[in-house]
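Below is one structure, written out as structure tokens; the observations come after it.
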Amino acid sequence: MEGINVEFTNISSNVNIWDSRAMKTFRPEKKTILNNVSGLFRRNQVGAIVGCSGSGKSTLMNILSGYMSSGYQGTVTLNGAQRDLLSFRNISSYIMQEDHLQLYLTVQESMEIAMKLKHSTIKLDIQNKISINNLLHNLLLHEKRDTLVYNLSGGECRRLTMALELVRSPKVMFFDEPTTGLDIVSANNVVKIMRKLADSGKTIICTIHQASAYHLTTFDTVYVLTPSGQCMYNGESSQIVDYFSHLGFQCPIYHNPADFVIELSLGEYGNSIDTLIKLVIDQNLISKDITDKSINNVPIIYSREYSSKYFSELWILMHRTLLTTFRDHFLVKVRLFVHFLLGSMFGIVYIGLGKSAMHVRDNAVLLFFCVMFMTYVAAFTMSIKFPLELSVMRKEYFNRWYSLSLYYISVTLVDLPVQIFCTFLFCSLIYLLSGQPFELFRISMFLLIFIVTGLMSQAIGMLVSTLCKSFVINTVIVALILMFWTTYAGGMIRISDTPKIYRWLYDISFMKHSVQGVLHSIYGFDRTVLPCPVMFCQYGSPKVMLKTIDMYENLYWINVSFITIVYIVLKICAFIALKYKLSVV
Ligand SMILES: Nc1ncnc2c1ncn2[C@@H]1O[C@H](COP(=O)(O)OP(=O)(O)OP(=O)(O)O)[C@@H](O)[C@H]1O
Ligand SMILES: [Mg+2]
């Protein structure tokens, strides 16, 4: 496929600002980020978008790359034809300002996984391995191939991000602030690599807010944005000083021209910005005539087939998640430790009480607390863990490494054994220490209800963390949901003592279904009368206890089915929410 020219026409973007005044009047203030900007970035060239902080560089980049697919006016065309967003994402790469990488993989492993995902293959052939070698050599990373990404420097991370995207051989590459945060040598290396990429036929578009004079000479074209989101210069980088000097703005000797244009855009050389903006608009009108004649209007359609090698890709993603979970095992260890600690603590406090008719009520309280523990820990763990993975996933999904459903299934499957093992550990300790009946069918039912409860709670955590933006809000909302349903778990107040209008809440409370299922796995299914060591035990017959708390009816399998259905519905909702979240910026 030939190279691609990216052209944009009359792009404007406005946002609503909700400051304290707008909150009071319910009328947000409109802020213009980009104001009717047009331009062209050509194949085989490095085009730099320059401007002061807040001038709209990243916003323009987001629009051009398709990362921002709504909330703007204007058009973006590729080789003169309307941009098809999905096709464009298959042949372009967006390298964001922050390097979102898998920290617990080595450089070589990261490259191999990217290559495997590209070819949907579990095993790489010799040609693929040579390509990885070449890429690592070209990006000066060959000596770091066995280093964990966690231990790479900022510059090396940036180059690895580039190498990972180059595996897919994109035609157009977007770089948001590729040199920010790097020392001058690392920054120069990145700029040199961009130059090489452009020379090899790619279209390179980058934003930069502190370019050195050397960087400026490496770029082919420069697009200068003013603080008002308008274009002040759109042309060759080598002409920039002459252009402004002809207009009466002389760049001081020994002054960096990149700094000069930014100072000029900020009005430090007089207030003629409006004139400069108007000149650019006039020039655009003239150059548009020329480009219109030189382009072909064939739309670029390129699709990537996901379905054919679904299982290979799923396996690669699961393998990657397993590797990183295995290496970054702190959270897994903490989860196991918490289940072990609480299981032993509860079990020791209630040691042997499950056998005696004297302590049936105490035992029921223990089981109620076990359900609470399981739901709270599972939901909070997921609501904190899941958002941490989203930043890497967002970048890879946008750059079309894999489909969202594959990622979602792999994350769910890899966490399943960890969650089930934690539940098993906790339940075994509680069951054995507190002296519950040693019958295989009761043990299995006890485990099953806790497993489905834990998984369903994880789904709550996942859904909330997908919908909310911050950890704090996640935590508050998860706590709110769980507290609400705990009230309707049947452990606080007898169901028959609750006003009739609220009773239906017990029927749809997953907590109540869980508590009822657990109680029946222990006391239901015709359990015989328990031995009473004193004269009289009120709850000698388990049926009396179940009747007292209004859970006499044996609905064990309905309880399990209800929780499972809630789990499936929540997982589907979380997937839809994730898809929606990734489609809006
Ligand atoms: N969704 C939004 N809501 C409100 N303001 C926004 C939103 N997105 C961007 N802005 C504002 O628009 C302006 C331009 O943002 P943008 O990130 O494009 O700037 P930039 O030129 O990339 O800046 P920098 O060099 O600091 O990265 C900023 O003032 C920013 O606060
Ligand atoms: Mg920016």
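In case you wondered, yes, glycine gets a Cβ from its N, Cα and C as well.
As recorded in TrEMBL, the features of this protein are as follows:
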| type | residues | note |
| --- | --- | --- |
| DOMAIN | 6-253 | domain 'ABC transporter' |
| TRANSMEM | 336-353 | transmembrane segment |
| TRANSMEM | 365-386 | transmembrane segment |
| TRANSMEM | 406-433 | transmembrane segment |
| TRANSMEM | 445-465 | transmembrane segment |
| TRANSMEM | 471-493 | transmembrane segment |
| TRANSMEM | 555-578 | transmembrane segment |
(request) May I ask you to check whether the transmembrane segment (365-386) and the transmembrane segment (445-465) make contact, with contact taken as at least three Cβ pairs under 8 Å and only pairs 6 or more apart in sequence counted? (result) yes
(message) Out of 336-353, 445-465, 471-493, what stretch is closest in contact terms to the transmembrane segment (555-578), meaning most Cβ pairs under 8 angstroms?
(response) 445-465
(request) Please give the sequence-distant neighbours of the transmembrane segment (336-353): residues at least 6 beyond its ends with Cβ less than 8 Å from one of its Cβ atoms. (result) 359, 362-363, 366, 369-370, 373, 377, 421-423, 425-430, 432-435
